[in-house]
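Take a look at the structure below.
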Amino acid sequence: MPAKLSVNLNAIAMLRNRRDLPWPSVTGLGRAALAAGAAGLTVHPRPDQRHIRFSDLGDIRALIDDEYPQAEFNIEGFPSEAFLDLVEKHEPEQVTLVPDDPMQATSDHGWDFMSKADFLAPIVARLKGRGMRVSLFADPDSLGYERAKAIGADRVELYTGPYGATHDDPAAAARELDRLEKAARAATALGLAVNAGHDLTVDNLPALVKRIPQLAEVSIGHGLTADALMYGIPVTVSRYITALAG
């Protein structure tokens, strides 16, 4: 089964927030993505609400519950108490925990599982106790994956930023694919499902899914939104689903 596509709405929200206006509509374009075949919607709410606003979460939750109950809501972020309160209020199917400073521009590294296991363990238990699947953002080096499994994570999301950055360097892309494949195999051997995200496009997805056929889900926002400016959401989502099929 091809990996599922979760459309990250942050870039749409950032465009909306350039003006004090309700468009482009985050939920409206999320609806269009789901109608076109996306399996879910992802958001990364940050403390300053510079893209996704806290008020968006209830609207997205209602959209999925009322119109696309088979779809999944994925909320990602650093597990501060404020973030955990938001997550518990809106009950996403999946929570992706990332280690970044809430004020940085974007996630750019995975957890240090060896040093952060004691910090993460009670948080993972808390979320799973509420029925949420937990994915941990991970560098593609397999270091500490056994600790991620031991503290109860269901999945790891492989950080694919370095792979995305090799768009004009085939040799470097091959090296990054080797790293990602090795990391995915290590995670799978431990019983962790594998997600991936960051700078994925219709051009680099086919090679990735060929090397990681067990990939469960990709979360894509920036590249997909850029393509949607040219082709529209329905066509763009269809193109990404085709790319995921290899």
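Just so you know, glycine gets a Cβ as well, placed from its N, Cα and C.
According to Swiss-Prot:
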BINDING   ASN8, ARG19, ASP199, GLY221, HIS222  3-amino-2-oxopropyl phosphate binding site
ACT_SITE  HIS44  active site, proton acceptor
BINDING   ARG46, HIS51, THR106  1-deoxy-D-xylulose 5-phosphate binding site
ACT_SITE  GLU76  active site, proton acceptor
SITE      GLU157  site 'Transition state stabilizer'
ACT_SITE  HIS198  active site, proton donor
Packing count at HIS222 (3-amino-2-oxopropyl phosphate binding site) (other Cβ atoms within 10 Å of its Cβ): 17
10 Å Cα neighbourhood of HIS222 (3-amino-2-oxopropyl phosphate binding site): matching recorded positions from HIS44, ARG46, HIS51, GLU76, GLU157, HIS198: HIS198
GLY221 (3-amino-2-oxopropyl phosphate binding site) versus active-site residues HIS44, GLU76, HIS198 - nearest by Cα: HIS198
Integer Å distance between the CA atoms belonging to HIS44 (active site, proton acceptor) and HIS51 (1-deoxy-D-xylulose 5-phosphate binding site): 8
Protein Cβ atoms within 10 Å of ASP199 (3-amino-2-oxopropyl phosphate binding site), excluding its own: 19
10 Å Cα neighbourhood of HIS44 (active site, proton acceptor): matching recorded positions from ASN8, GLU76, GLU157: ASN8, GLU76
Chain-internal residues, separated by at least six, CB under 8 A from GLU157 (site 'Transition state stabilizer'): THR96, SER135, LEU136, PHE137, ALA138, VAL194, ASN195, ALA196, GLY197, SER219
Binding-site residues (ARG19, HIS51), the one with most neighbouring Cβ atoms at 10 Å: HIS51
The one of HIS44, ARG46, HIS198 whose CB sees the fewest other CB atoms within 10 Å, among these recorded positions: ARG46
Around the Cβ of GLY221 (3-amino-2-oxopropyl phosphate binding site), the count of other Cβ atoms that are within 10 Å: 25
Assigned conformation of GLU76 (active site, proton acceptor) - DSSP reduced to three states: strand
Distance [Cα-Cα, Å, rounded] between HIS198 (active site, proton donor) and GLU76 (active site, proton acceptor): 13
